[in-house]
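Read the structure below first, then the notes.
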Amino acid sequence: MATFKDACYQYKKLNKLNNAILKLGANDVWRSSTLTKRKGWCLDCCQHTDLTYCQGCLIYHVCEWCSQYSRCFLDDDPHLLRMRTFRNEVTKSDLENLINMYDTLFPINQKIVNKFTNIIKQHKCRNEYLTQWYNHFLMPITLQSLSIELDGDIYYIFGYYDDMHKINQTPFSFANLINKYDVLLLDSINFDRMAFLPLTLQQEYALRYFSKSRFITERRKYIETLHFSDNILNNLHNPNFTLQVIRNCSNMSVEWNKACNLIRNISDYFDILKSSHTESYNISPRCRMFTQYKLKIASKLIKPNYVASNHNSLATEVHNCKWCSINNNSIVWTDFRIKNVYNDVFNFIRALVKSNLYVGHCSSEERIYESIKDILNVCKENEWNMLVTEIFNQLDPIKLNEDSYVLLNYEINWNVMNVLINSIGKIPKILTLNDVISILRIIIYDWFDIRFMRNTPMTTFTVNKLKQLYEKDKTAEYDSGISDVE
């Protein structure tokens, strides 16, 4: 069993405060939940196991046992997970408060050691000091944490995480904040605690302490689509799809990093617990991460030969053509916005190709095809600009003075005409590289304006942010019939 989970189970019996705070789903009756093969550490009980997604943020960070309490590190409720979650700049004073909370909830003194020893020795075969029977005493106080960056905010979830070498398929990475504290002082605190333990347990305690207090902070991970619930990815192509999150809330009103101080006043803490309740929010999945995911899927279905074709149909409506017919059975086309972007982008590029290159049929092999395959991946701006520049140069532009120009004298559809008129003021006959980049951007931004999108979905917002957006009716953000811009 995980050391942190064992400690919570045993120390929960000490007093009323501990019984309220140290109650973990991992130590209660098991309830079934959706499991995946994603491996990592449950933030609630700190054990390494198979994880399921959290109902509060939809990220995989909770085990099947702890999921029954629906606790999230972004909650506004003073449960243990929230109280050991710190944000952004963590000061020495903040860490001192955390250590004091640990020492209050998991004390080690002669009275406590004798009490647990007597209980354990009531079993006939437990006269020896074996680690499996005294595992709760072997949790040192460290500044080990799992960290994650969400839209500019860095969160540190402190705890005692065993088996740091094991596989980690979550967006969290290990961070050691001992350098923000006093190393010798933390050593002294742990040596004082260790002194009350039997000699055979002291050695194990020391080994665990030094291994969890002297490690090097890992490089921070980037959160990706695979870190979120599979249910999101399966329904992402429905423009009407919304995400539902459930958050634990209360009338707790303290600075984010001061939540661990609440247990200093026990009566006030229990008053706050009485106000605990859950709130649910329906949230739009719109963000750069999920937009890029959808555009990447569409990119895999691209038939670049269309830009050399003479089809009268739109790019997604060509049938019975070996070189141009796309797979219309793909779920990505259920999002009409993807279809519109695909059709207009390829209508415009075809007009450029036909105006500047001598191509006559979609069966011809052209060098430009390779460059077109990633034209929808606009979320990586620098790479996309280089790609459009490459396409432009393959159109055999004419150089006059310092600028290069390409022709535009082939038919285009009404949507592209409107884009040209709105962006340039007319339908031009010659275009520069900047014009081509600008037009392609506007075609895509008309439906997926990544300039004004957050990187991760609103499921990673704090309760206060969600409440503010909900009051302004901005959590759903749009209906299926209008674009991101509108």
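Cβ atoms here come from the backbone N, Cα and C positions, even for glycine.
What you see is a predicted model, and the numbers here were worked out from it, not measured in a lab.
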- Swiss-Prot annotation of motif 'pLxIS motif' - which of the ranges 148-151, 308-311, 432-435, 480-483 it falls on: 480-483
- The answer for the region 'Zinc-binding domain' (42-79), taking Cβ pairs under 8 Å and residues 6+ beyond its ends, is 1-5, 8, 21, 23-28, 30-36, 85, 146, 155, 157, 159-163, 166, 169-172, 223, 227-229, 231-232, 243, 245-250, 252, 259, 262, 269, 272-273, 276, 278, 457, 459-464
- Task: Could you pull the average pLDDT for the region 'Zinc-binding domain' (42-79)?
- Result: 93
